Each structure stands twice: as C-alpha cells, then as structure tokens.
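K.L.:
Structure provided below as structure tokens; questions to follow.
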C-alpha cells in the first residue's frame, strides 16, 4: 500500500509542477482573451440603445498552437479552411434611423446595418479561387447560423467591390439578402460562440422576447485574422460579436408637464428593458463592464440645466443610496467617469459612466436604473449629408433610381472647418449593387446639385461600373462624388428598364416585388471616432478601443422594392399549345398552297367522276395485279373479288409494316437497350 | 438618264410631292418627340434595334469597357462606331438623338428610292416577258399604275415605317441594307448585292436566307412568268421539231431581248467572290473594333447567340418572348431548334416553286423572317409591306385583302391598349398583350400564304391566257 501512496504523491507533485510551469509560460506568452461589455445610451426619441460587445481573441497558431479553451472552434476552422482575412456577417431587423439615433458616431457607422443579412469577406487566396471560397463559406455560415445565407452562393447575388466599399482590396466579396427574416434561431447559434453562452455574464440579459420587441436589432459577427499575413504585427484571430438593439422603455414616464412644455423622458432600468438582471460577470471574461454613454449634446444640455437650477434652488435632489447628477439619477453609482477628449463635434464632449461587473455577483445583482429629473431635448450628431434613396416613375416597364443627399444642419460647421485651399469640396462615396433584372442604363446618370443639373464629369471624380450580366452577375456602381462644400442638396438619378423573367425565376410571392439592396454612402473625409480619455485600465477595454478607431462615416440607404411584371403563371400549357398551333397553321397552309396544282386537281376530279372508285383501291388493284403477275384490268364496279383481294392485300401490307416496326424495335433494343 | 428622270418628274409630280411630304411629316414628328415617347414602345424598339441600348453600349465603350458588357447592346460594332458618336451629340433646344433620327429619315428615303427603282426594273422585265408571251392585253392594264412608285409610297407612308423611323430604332438602317442587296441583285450589280447581303446578315442574321433569291436573281434575272411557258411560247413560234434541242433554242433566244432563260453562273460566282471579300472586310473591321473586348468570338456570342437563344424575354409583337417565358426549361432547346428550323424548312419548297420570281421569293422570305424572328418589330413588317407593293399587278386578286387590312389596323390599335392595360395600369395580364401578338402573327401568316397563292394563281392565269392566245 505504501507504494501507491508514494506514487500518488509523486504524481501530484509532478502535476503541480507541470501546471505551474504552464502558467508561467502563459504569463509571458499571449493568452486567449475574452471580454464582454455593454453600452447603454439614451436616445433623443425616448428610446434606449443597448450595444453588447463581446470580443474573443486567439493568438496566432504559430506561437499558440491549435487548442483553445475560449475561442469557438467552428470559427477557427472556418478561418483556416477558407483562409479568411476579414469577414463580417450581420443579421438585422428594422431600420436604423439616422436622423434620430445618430449618424456620426462609431456605433451608427459600424453597427447600423441594412435589413436582412449582409455578408462580406476578404480572402487570402489567389484571385481565381475567391469565388469558390465565397461559395463554400456561404454554405458553411448558412449551416452555422441556421439561415439561408447559401442563397448568396449564386453569382447573381454577390459582387466584387472595387474600392467603393470599405476601401476594399481585390479579394473581397459582398452580398446581401434584404428579405431574410431574422429571429431567435439565428441568435442562438450566435450565442453558442460565446464561452458563457447566455447563462452568465452580460449575455444573460438577452431575453428573447424583449430583444425582438425592439425597434431595431442587429446581430453582427466581425472577424479579423492575421493568420495568413507573412509580415506585420500578428494579433491572431479576433472575433468581435455585437448585438445592437434599440428598445423602448416600457416603464411609463410620468407625463408631468413642465414649464417648457416638453415631456419628461421615460425612466428605465436594466430589468425594465430586458426583464432580467445581471448577476456578475462571466467568469471566463478578462473584462466585463457596463457603460452608460451620454452624448455630447445631451451632456452640455444637462450642464446648462444644472446651471439654471443652481440659480434657483440649491436643494439636494439626490436620494439615499443612489448617485445623482444634474439632470438624472442612477440607482448605482458608477465606478468611473470617462470624458471624451478633443471632440470633433461642436456639441461638446460625450461622457461615459463605467460600471465594473467584478463587483457584482449572484447575491448582489447589478441593476442599473436611470431616472430623468428634467425634460431634456437634444439631438444626435448626424452625418454631413442625409442620404435617402427612392424610385421614380410608374408602371412596370421602366423607372429610375434616385439617390438624394440632403445637407443636415450640423454639417455646415464641419464644412467651414474643412476648407483647405481655394476649392473646398465634400467627398461622398456611393456603392450600389443592382440585381440583373433591373437593367440600368449607366449613360443616363444625371447629377443635380442644389436642384441644378450638373455635367457628370464636374461632380463625379471617379466612377467604376461593372454592368450586370443577364442571369450571371449583378451590376455594381461605385461613384466618388466631389460636391461643393456649401451644398444644400444633391441628387443622383439613373434610369433602368425592368427585366422580364422566366416563369421559374419568380419567387413564390412574385407580385410582392423584388428588392434592390441598400446602397452604401460613406464620407471618407469624416471620421467617426470617440476618443475617450485613456488610462491604464481603459486600454484593456476592447469596446473603448473600438470606439476610438477611426472609421469613415457610413450609412446605408433604404431597400427599394421594385415590382416586376409577372406573366400568367397558370398558362404554360395553353401558351405552348396555342403557339405551336399557330406555327403548325403557318407551316401547313403554306405547304398546302405550294403543293396545290389547280389543273391537275381538275383532271383528277374528272377521273374520279368517271370512275367511282377512290384512288387508293385503284392503286391497290394495280399493285396487286403487278404482284400476281397478271395484266391489270380495270376493276368492275362493286366486284366482290377485287374488294376481297384488296382487303387481303391490306392485311398483307399491314403484316409487312408490323414486321418492319418490330424489326426496328428489336434492333433498337439490341443496340441501345 | 437625267432626261428620263425629269420626264418622270413631269409625268408623275404626285409621286415626288407625296414622297417629300412623307419626309417633311417625319421631320415634324422628330421635332416633337416627347409627347409620342415612341422610343420605348416594345413594338418599335426591340433589344436588338433599340437606340437607347446602342447609346449604353457606346457609353460603356467610352468608359473602356466591352460594349457587350451588361447584356444591353447586341448590335454590330460597326453600327456602334457609326451611330455611337451621334447619340452623344446634343444641340441646345433640340431633342436628344436628333442626328440619329435624321439618319433614319435619310435611310428611309433611300430605301424607298431603292424600292422604286427595283420596281421599275421589275416592271420593265415584266413588260418584256409579257410582250414575248404576246399578252398585250395584260400589258395595257398594268401600264396604268407603276408598281415601283406604289411600293415606294407604301413604304414611305406606312405608319409602321414612320413610327420605327421616328421611334429611334436601327431598323430603318437594316431595311436599307436589305433593300440595297435586292436592288443590286435586280440591276445585276454584283458587288453592291454582295455588300448589301453581307452587311444585312451582319446586322440582323435573318437576311442570310436572302442568298437564295439573290442567286436566282443574278442567275435568271428579274421576275418572269414561268420559264416553261416561255419555252412553250418560243417553241410555238420557232417551230416544233427542235423544241427539245436546247442549243438551238439558246441561239434563237440570244437574238431575242428576253432575259436569258438558262442559269448564268458567271454573276453568281462573282457574287460569291465579292461576298467573301466583303465578309472578310467586315470581319476584319469588327475584329479591330472588338479586339480588346474578347474578340470576334465574344461578338458572335453577344449578337448571333443572343438572337438564336432568345435570352431577352421582354415583350414584343412576336410570340416567342411569351413562349420562352412560359415553356419548361427542359424543352427550351428543343423549341429553339424547332422555331428556327421552321424558317429554314420553308426555304427550299418556296425556292423550287417560285424560282422564276426571285424578287417575290425575296419578299416571302422577308415576310417569313419578320414573322418568325426572335425579336420582331414593326420595322420588319414595314419592309415586307413595302416589298408587297412591288407586286401590286400580280397580286391584284389576292383573297382576304380587306380582312387583312382591317386586321392590321385593329391589331396596331389594340396592341398599345393591351400593353398599357398590362404594364401600366395592371388591370390586364400578359395574356392580353400576347393575344395581340398572336393575332399579328396570324395576320402575317395569312398574308404570306395568300400572296403566295395569288402569285401562283396569277402564273396559272398567264399560262391559260398564253395557251388560249396561241
């Protein structure tokens, strides 16, 4: 018995040593990281934006190996199998309202997505393999996310952007499915990629009914890998999963009328928004925090209110156990307040309140309540031009697509600030994909600036068109517009003919119409970034570094619904038979006219009149006479012998025919059977 | 010649005034095109003939892309380099594409002139053959109206021609080259005929079948009554013993002003040589212009391939668009072959039966292809009706002429209405429009069948008359 005990000790010792050494090695080598964050932001139209941000990172395979304990294996395999350099997949329901929810911040630029599914991917494979990789990837994702992404496989559904979309490189493909319904069956596989799923941590807040009740929700998966880069900084694979929802607090705000006539914004709490509370962080997460963001305009508005209030009453409105600020009250006091550095917006810096989840647990649930004290009216920062797209014309034969860009009030300040040199201009990139059955006439492109028609080369700096090919590829139009700074409105119109499809190419609900995917309008001169004050801890927050990243202001336009003419779906047999009848009529009657010889017919009819017997019996009797070797004698009228002979002959001929047919059939069977 | 022309001018002032009136009428319509919006009518502009698509092809070419990229343009690259620059020229206060419209007007007028001189040529030959047959009674009748003038006026004043001229399509030019080919063949100008045939084939493929009437025209000369009749007649005149001896016959006939009865191979061989030369020339030119965009193979795929595999299913006055929109994919190839063979099947029987009337044969071919082609437009019917006018004397007793006239009027009034109901109002469906296309096809079938029948009857009548005379 002594021996086993001894060995056990030894084993334990070894194990401890090994684990210690492993830990030591991981100390100075890179580790897999996972972080979860939630950003909450009150919106001007009495709604609340909740933005979940999960990020997993795995170090490069070369140094770390192939075994992971946090990073999802499915994604790792996907990246390696299809050699993906960058990929983004988003499922969206609802439309982001750029006027009310903002169009000039990182969240609207990166997380506001067109309805349905959008997928783009850049591959690290030779040019000729990109399409094959894309097709395989679409099938793999379709299986992974329980959706019909595999429809993007068809070459009519995806396109290869050429610099117009996210300054793309050569091996990029872009495809959208505007009509894809998004629901909980897409969210569940997405949650499966998280180490804690929705069992613990911030993802526990994702109560399906409350999320899908929202005005907008977009679940997104963004993947960057440096696995295949031969040079440069190797960061491994970064998987960024975000869920952006716009919710309306269902707690009724007290509709107390204030002196200004405006109504108090509804107060909300995490449990009233999501119906759940957070019980601490996901234990596998490196960092876990909740942020409350107040936009610059809101913050400065609140400061103004505070000044006014200080003038009138100095009462302390703060309740016990809560944290109070000039215009609102929080049920939990924030751990930290971060202010934006050198804001680009004239509204002033925006503010983040950080709550660390480490301080909460199942016994001490985190419940953030937000109560307004005064009615506040503010507006979100908006993109320099508000873009919208619509169809012109009526009828099902032709039409025109118009893209209108209307200056927002805020943009004027930027433009004045942007003046460089004599000619100040505002650059706008438009990327538009049009399905092949919308046959665009690119030579009809017209540009209007301030409602005045302009010559196209004056305004359009660069235009790249790859026209659609019938049943093969969609048309892609990438335009770089150079608008003058003080532009009030600009419009692009382009005419198209509506195509006519084969009966099988119509979807089941053909009369609903066909979708033209959203156009992407971006302003490369304007960078959306929120630069929050850095300190040692904020370096570790991927969400804040994401917000800090400079990315061009980008917005998606509406999806257009084009009704196409339908044929009569119940008619194929009728059409085929009627058309063939007409062709037969043509063929038969023309041949008949050509064959007819009036003179001969008259002669024949005379012969017929002379001899009452028909032509066939006459011929037959002639033939039979020849066969029998007797001289032919004209048959007597209704003679029994001739009729019998002819009948016997018919049977003889019939026999020959049958034998011939049987022979042919046997031969056929022999050779081809 | 000029004296003769002026004599004609004096003799027939009504012809010239009507011809110029039609040109002026076209010019007026061109200056007010916006209210008509003819360019987008499916009856006028098909995917092959639409000038708008040509402008798109030109734009793509200017943007250093293949003009065939984008499945928009399916025409010839030569036409693109000629008409393309005209589509982008704009004048202040003038409607766009005015230069192209002017080109179509000129093309229409020249086509009418070709029809007229072909008609005069035909009439001369006809009179000669009648004289040689000794049918002077018929001759006196036919002297009243000159079929060439009638045909030219029918072509110029046909509403179909006018709308296809004003409606910005390339069919006037296609008609012009077809007519150039027939005129050249009729007047024995071999290079011209070869040029017309090559260009017409290059532009729209279907005129390729006109090679049969062109060869017959070059070999036998313009239309005559059946040769058997002439032979009989001549044998009656010059005695009976040698009627079977062809060499003697030939010698005798050389003294006669009658057209050679026997097939002369020389112009036909010349025609083939010229056609080969022109074809090479056209191919080289096309090859140069599409060199950077996939070469000739791409061009043939996008032009002839597009015609043969009816890819565009947008409605037109034909019946194939709806047929191929509805037919099951499995049978598509079979029906494509059947419908195209339908045109080819009829070539030989018609050529055998009407070999003595090559011009009429050409008319029948044009009519058949205008009916059965993949993307028919009214411009094609306009040419076939203009050619029909050439045979006004022979086809005087055509059956159903009133019915046909009413049918054409009815269909051309109903077709826009049905199209409007289906496409714009949404109250009708595709079958409404398809029905008018069907009716149009039936009318053309009846026209072709009846005109062939009437022509054969006319020959029979002549034979009867000549036999009774002799």
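Quick reminder: no glycine exception, Cβ is built from N, Cα and C everywhere.
Worth saying up front: this structure is predicted, and the values here are computed from it rather than measured.
For reference, TrEMBL lists these features for the protein:
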TRANSMEM  B:14-32  transmembrane segment
TRANSMEM  B:68-86  transmembrane segment
TRANSMEM  B:98-115  transmembrane segment
TRANSMEM  B:160-183  transmembrane segment
TRANSMEM  B:195-220  transmembrane segment
TRANSMEM  B:268-290  transmembrane segment
TRANSMEM  B:302-324  transmembrane segment
TRANSMEM  B:330-352  transmembrane segment
TRANSMEM  B:398-418  transmembrane segment
TRANSMEM  B:430-456  transmembrane segment
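What does the local environment look like for each feature on the list?
P.N.:
Residues 22, 25-26, 29-30, 33, 36, 38-39, 41, 43-46, 48-52, 54, 75, 79, 83, 97, 100-101, 103-105, 107-108, 110-111, 114-115, 117-118, 189, 192-193, 195-197, 199-200, 203-204, 207, 210, 213-214, 217, 359, 362, 366, 377-383, 385-386, 412 of the same chain lie 6 or more positions beyond the ends of the transmembrane segment (B:160-183) yet place their CB under 8 Å from a CB of it.
A Cβ distance under 8 Å defines the sequence-distant neighbours of the transmembrane segment (B:195-220), meaning residues of its chain 6+ beyond its ends; these are 48, 75-76, 78-79, 170, 173-174, 177-186, 188, 227, 259-261, 263-265, 267-268, 271, 274-275, 278-279, 282, 286, 303-304, 307-308, 343-344, 347, 351, 355-356, 358-359, 361-362, 365-366, 369, 373.
Sequence-remote contacts of a segment are chain residues at least 6 beyond its ends whose Cβ falls under 8 Å from one of its Cβ atoms, and for the transmembrane segment (B:302-324) they are 42-43, 46-48, 68, 71, 73-76, 204-206, 332, 335-336, 339-340, 371-378, 415, 419, 430, 433-434, 436-438, 440-441.
Note on the transmembrane segment (B:398-418): residues 41, 43, 159-160, 317, 378, 428, 432-433, 435-437, 439-440, 443, 446-447, 450-451, 453-454 of its chain, located 6 or more positions outside it, place their CB under 8 angstroms from a CB of the stretch.
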K.L.:
Is the number of Cβ-Cβ pairs under 8 Å between the transmembrane segment (B:268-290) and the transmembrane segment (B:14-32) three or more, considering only pairs separated by 6 or more positions?
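P.N.:
No; fewer than 3 Cβ pairs under 8 Å.
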K.L.:
Between the transmembrane segment (B:330-352) and the transmembrane segment (B:14-32), do 3 or more CB pairs sit under 8 angstroms, pairs being 6 or more residues apart?
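P.N.:
Contact absent: fewer than 3 Cβ pairs fall under 8 Å.
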K.L.:
For the transmembrane segment (B:68-86), give me same-chain residues lying six or more residues beyond its boundaries with a C-beta closer than 8 angstroms to one of its C-beta atoms, as numbers and ranges.
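P.N.:
The answer is 47-49, 51, 53-58, 60-61, 97, 99-100, 103, 170, 173, 202-203, 282, 285-286, 289-290, 293-294, 298-299, 302-303, 306-307, 311-312.
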